[in-house]
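TrEMBL lists 49-176 with the feature domain 'Nucleoside diphosphate kinase-like'. Residues annotated as ATP binding site in TrEMBL: K57, F105, R133, T139, R150, N160. TrEMBL lists H163 with the feature active site, pros-phosphohistidine intermediate.
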Amino acid sequence: MFERSSLATPPEAGLYMSAAPGAPSSHFRPQDPPVLRLTRECVTMAAKTERTFIAVKPDGVQRGLIGEIVKRFEQKGFRLVAMKFLQASEDLLKQHYIDLKDRPFYPGLVKYMSSGPVAAMVWEGLNVVKTGRVMLGETNPADSKPGTIRGDFCIEVGRNIIHGSDSVDSARAVHKTGSMSKPQTSYQTLNHAFPHRPVISNGPEFA
(Lines of atoms letter the chains of each structure in order from A; the text may use other names.)
(Lines give C-alpha, C1' and ligand atoms only; values in the text may rest on other atoms or scores of the structure.)
Protein backbone atom coordinates (compact mmCIF):
# COMPACT_ATOMS: atom_id res chain seq x y z
CA MET A 1 0.00 0.00 0.00
CA PHE A 2 1.38 3.39 -1.03
CA GLU A 3 1.55 6.25 1.44
CA ARG A 4 -0.64 9.29 0.82
CA SER A 5 2.30 11.59 0.05
CA SER A 6 3.58 9.21 -2.62
CA LEU A 7 0.20 9.16 -4.36
CA ALA A 8 -0.25 12.92 -4.15
CA THR A 9 2.92 13.91 -5.96
CA PRO A 10 5.52 12.32 -8.23
CA PRO A 11 8.94 11.64 -6.62
CA GLU A 12 10.68 14.60 -8.28
CA ALA A 13 8.00 17.00 -7.03
CA GLY A 14 9.64 16.92 -3.62
CA LEU A 15 12.12 19.41 -5.04
CA TYR A 16 9.33 21.94 -5.54
CA MET A 17 7.03 21.18 -2.57
CA SER A 18 7.37 22.04 1.11
CA ALA A 19 5.31 21.46 4.22
CA ALA A 20 3.30 24.42 5.45
CA PRO A 21 4.41 25.66 8.90
CA GLY A 22 2.82 23.50 11.59
CA ALA A 23 1.24 21.10 9.10
CA PRO A 24 1.71 17.30 9.15
CA SER A 25 4.61 16.09 7.05
CA SER A 26 2.17 14.50 4.58
CA HIS A 27 0.66 17.88 3.69
CA PHE A 28 2.53 19.89 1.12
CA ARG A 29 2.16 23.21 -0.63
CA PRO A 30 3.54 23.97 -4.12
CA GLN A 31 6.76 25.98 -4.40
CA ASP A 32 8.37 27.68 -7.40
CA PRO A 33 10.90 25.46 -9.20
CA PRO A 34 14.53 26.45 -8.43
CA VAL A 35 15.08 27.68 -11.98
CA LEU A 36 12.13 30.07 -11.70
CA ARG A 37 13.31 31.37 -8.32
CA LEU A 38 16.83 31.89 -9.69
CA THR A 39 15.44 33.73 -12.70
CA ARG A 40 13.48 36.09 -10.46
CA GLU A 41 16.56 36.76 -8.31
CA CYS A 42 18.67 37.48 -11.39
CA VAL A 43 16.10 39.89 -12.82
CA THR A 44 15.95 41.71 -9.47
CA MET A 45 19.73 42.09 -9.40
CA ALA A 46 19.80 43.23 -13.03
CA ALA A 47 17.47 46.07 -12.09
CA LYS A 48 20.01 47.23 -9.49
CA THR A 49 23.04 46.91 -11.76
CA GLU A 50 24.44 50.31 -12.74
CA ARG A 51 27.46 52.01 -14.25
CA THR A 52 29.84 54.62 -12.92
CA PHE A 53 32.58 56.82 -14.37
CA ILE A 54 36.05 56.54 -12.82
CA ALA A 55 39.06 58.56 -14.00
CA VAL A 56 42.68 58.25 -12.95
CA LYS A 57 43.92 61.84 -12.85
CA PRO A 58 47.25 63.05 -14.31
CA ASP A 59 49.15 62.52 -11.04
CA GLY A 60 47.80 58.97 -10.75
CA VAL A 61 48.90 58.25 -14.33
CA GLN A 62 52.37 59.72 -13.72
CA ARG A 63 52.79 57.59 -10.60
CA GLY A 64 51.87 54.40 -12.45
CA LEU A 65 48.73 53.65 -10.44
CA ILE A 66 46.33 52.74 -13.27
CA GLY A 67 46.95 49.02 -12.87
CA GLU A 68 46.53 49.14 -9.10
CA ILE A 69 43.20 50.94 -9.40
CA VAL A 70 41.91 48.60 -12.11
CA LYS A 71 42.97 45.62 -9.98
CA ARG A 72 41.02 46.87 -6.97
CA PHE A 73 37.81 47.32 -8.93
CA GLU A 74 38.18 43.95 -10.65
CA GLN A 75 38.95 42.14 -7.41
CA LYS A 76 35.89 43.75 -5.83
CA GLY A 77 33.80 42.04 -8.51
CA PHE A 78 33.01 44.91 -10.90
CA ARG A 79 33.38 44.76 -14.69
CA LEU A 80 35.33 47.20 -16.83
CA VAL A 81 33.10 47.96 -19.83
CA ALA A 82 34.94 50.92 -21.38
CA MET A 83 38.35 52.56 -21.05
CA LYS A 84 39.95 55.48 -22.83
CA PHE A 85 43.37 57.10 -22.41
CA LEU A 86 43.12 60.74 -23.37
CA GLN A 87 44.51 64.23 -22.97
CA ALA A 88 41.49 66.22 -21.83
CA SER A 89 41.10 69.70 -23.30
CA GLU A 90 40.35 72.70 -21.09
CA ASP A 91 36.95 73.07 -22.77
CA LEU A 92 36.03 69.48 -21.92
CA LEU A 93 37.23 69.89 -18.34
CA LYS A 94 35.34 73.14 -17.85
CA GLN A 95 32.18 71.34 -18.93
CA HIS A 96 32.96 68.35 -16.72
CA TYR A 97 33.50 70.52 -13.63
CA ILE A 98 30.76 73.04 -14.44
CA ASP A 99 29.22 72.60 -10.97
CA LEU A 100 32.46 73.91 -9.41
CA LYS A 101 32.90 76.97 -11.61
CA ASP A 102 32.22 79.40 -8.75
CA ARG A 103 34.71 77.80 -6.37
CA PRO A 104 38.09 79.54 -5.86
CA PHE A 105 40.05 76.41 -6.78
CA TYR A 106 38.26 75.95 -10.13
CA PRO A 107 40.94 77.52 -12.40
CA GLY A 108 43.69 75.50 -10.72
CA LEU A 109 41.65 72.32 -11.00
CA VAL A 110 41.16 72.75 -14.74
CA LYS A 111 44.87 73.50 -15.20
CA TYR A 112 45.89 70.48 -13.14
CA MET A 113 43.54 68.10 -14.96
CA SER A 114 44.80 69.30 -18.35
CA SER A 115 48.48 68.94 -17.34
CA GLY A 116 48.70 65.35 -18.56
CA PRO A 117 46.74 62.35 -19.81
CA VAL A 118 43.97 60.72 -17.81
CA ALA A 119 42.67 57.14 -17.85
CA ALA A 120 38.87 57.34 -18.16
CA MET A 121 36.88 54.21 -17.36
CA VAL A 122 33.30 52.98 -17.07
CA TRP A 123 32.68 50.26 -14.50
CA GLU A 124 29.53 48.16 -14.15
CA GLY A 125 28.10 46.27 -11.20
CA LEU A 126 25.67 46.08 -8.32
CA ASN A 127 25.62 49.44 -6.47
CA VAL A 128 28.90 50.34 -8.18
CA VAL A 129 28.40 54.12 -7.74
CA LYS A 130 28.13 54.00 -3.95
CA THR A 131 30.68 51.24 -3.48
CA GLY A 132 33.10 52.93 -5.87
CA ARG A 133 32.98 56.14 -3.83
CA VAL A 134 33.74 54.17 -0.67
CA MET A 135 36.70 52.51 -2.40
CA LEU A 136 38.08 55.91 -3.46
CA GLY A 137 37.98 57.41 0.03
CA GLU A 138 37.31 61.01 1.01
CA THR A 139 38.17 63.94 -1.28
CA ASN A 140 40.79 64.99 1.26
CA PRO A 141 43.27 62.11 1.63
CA ALA A 142 43.90 63.13 5.26
CA ASP A 143 40.31 62.09 6.01
CA SER A 144 40.51 58.82 4.05
CA LYS A 145 40.78 55.51 5.86
CA PRO A 146 43.66 53.09 5.21
CA GLY A 147 42.57 50.55 2.63
CA THR A 148 40.90 53.14 0.41
CA ILE A 149 42.67 54.31 -2.73
CA ARG A 150 43.26 57.84 -1.48
CA GLY A 151 44.01 56.63 2.03
CA ASP A 152 46.78 54.40 0.67
CA PHE A 153 48.28 56.54 -2.10
CA CYS A 154 47.56 60.23 -1.49
CA ILE A 155 48.78 62.95 0.87
CA GLU A 156 47.09 66.21 -0.14
CA VAL A 157 43.72 67.14 -1.59
CA GLY A 158 45.21 68.86 -4.63
CA ARG A 159 46.74 65.57 -5.77
CA ASN A 160 44.17 62.94 -4.92
CA ILE A 161 44.79 60.83 -8.08
CA ILE A 162 41.24 59.71 -8.91
CA HIS A 163 37.73 60.90 -9.72
CA GLY A 164 34.50 58.94 -9.28
CA SER A 165 30.90 59.78 -10.16
CA ASP A 166 28.67 60.50 -7.17
CA SER A 167 25.48 59.33 -8.92
CA VAL A 168 24.26 57.43 -11.96
CA ASP A 169 23.06 60.73 -13.44
CA SER A 170 26.50 62.34 -13.15
CA ALA A 171 28.03 59.28 -14.81
CA ARG A 172 25.60 59.69 -17.72
CA ALA A 173 26.46 63.39 -17.91
CA VAL A 174 30.14 62.52 -18.42
CA HIS A 175 29.13 60.16 -21.21
CA LYS A 176 27.23 62.97 -22.92
CA THR A 177 30.26 65.29 -22.86
CA GLY A 178 31.96 62.99 -25.34
CA SER A 179 34.89 61.80 -23.22
CA MET A 180 33.45 58.27 -23.29
CA SER A 181 31.42 58.60 -26.48
CA LYS A 182 32.35 55.25 -28.01
CA PRO A 183 29.93 52.38 -27.37
CA GLN A 184 30.40 50.45 -24.16
CA THR A 185 29.91 46.73 -23.92
CA SER A 186 28.48 44.16 -21.53
CA TYR A 187 29.97 40.73 -21.00
CA GLN A 188 30.38 37.96 -18.43
CA THR A 189 33.73 36.93 -16.92
CA LEU A 190 34.43 33.40 -15.73
CA ASN A 191 34.60 34.50 -12.08
CA HIS A 192 31.55 36.76 -12.23
CA ALA A 193 29.30 34.22 -10.51
CA PHE A 194 31.41 34.15 -7.35
CA PRO A 195 31.02 37.66 -5.84
CA HIS A 196 27.33 37.90 -6.74
CA ARG A 197 24.52 36.15 -8.57
CA PRO A 198 24.60 35.86 -12.37
CA VAL A 199 22.75 38.56 -14.29
CA ILE A 200 20.25 37.73 -17.02
CA SER A 201 20.66 41.03 -18.82
CA ASN A 202 22.80 42.82 -21.37
CA GLY A 203 23.43 45.46 -18.71
CA PRO A 204 22.30 49.06 -18.49
CA GLU A 205 23.28 51.51 -21.16
CA PHE A 206 23.79 55.20 -20.73
CA ALA A 207 20.84 57.14 -22.09
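Note: Cβ is positioned from N, Cα and C throughout, glycine not excepted.
It should be emphasised that the depicted structure is a prediction, and the values quoted were computed from it without experimental measurement.
Structure with TrEMBL features highlighted.
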| residue | record | contacts (Cβ under 8 Å, 6+ apart) |
| --- | --- | --- |
| K57 | ATP binding site | Y112, M113, V118, N160, I161, I162, H163 |
| F105 | ATP binding site | none |
| R133 | ATP binding site | G164, D166 |
| T139 | ATP binding site | R150, V157, N160 |
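Neighbour counts were taken at the CB atom with a 10 A radius for the recorded positions R150, H163; the maximum falls on R150. In this structure, K57 (ATP binding site) belongs to neither helix nor strand by DSSP; it is coil. Here the binding residues for ATP are K57, F105, R133, T139, R150, N160. Their largest Cα to Cα distance works out to 22 Å. Of all Cβ atoms in the shown protein chains, 22 besides its own fall within 10 Å of the Cβ of N160 (ATP binding site). In the three-state DSSP classification, F105 (ATP binding site) falls within coil. Per-class residue totals from DSSP over the domain 'Nucleoside diphosphate kinase-like' (49-176), listed helix then strand then coil: 63 helix, 30 strand, 35 coil.
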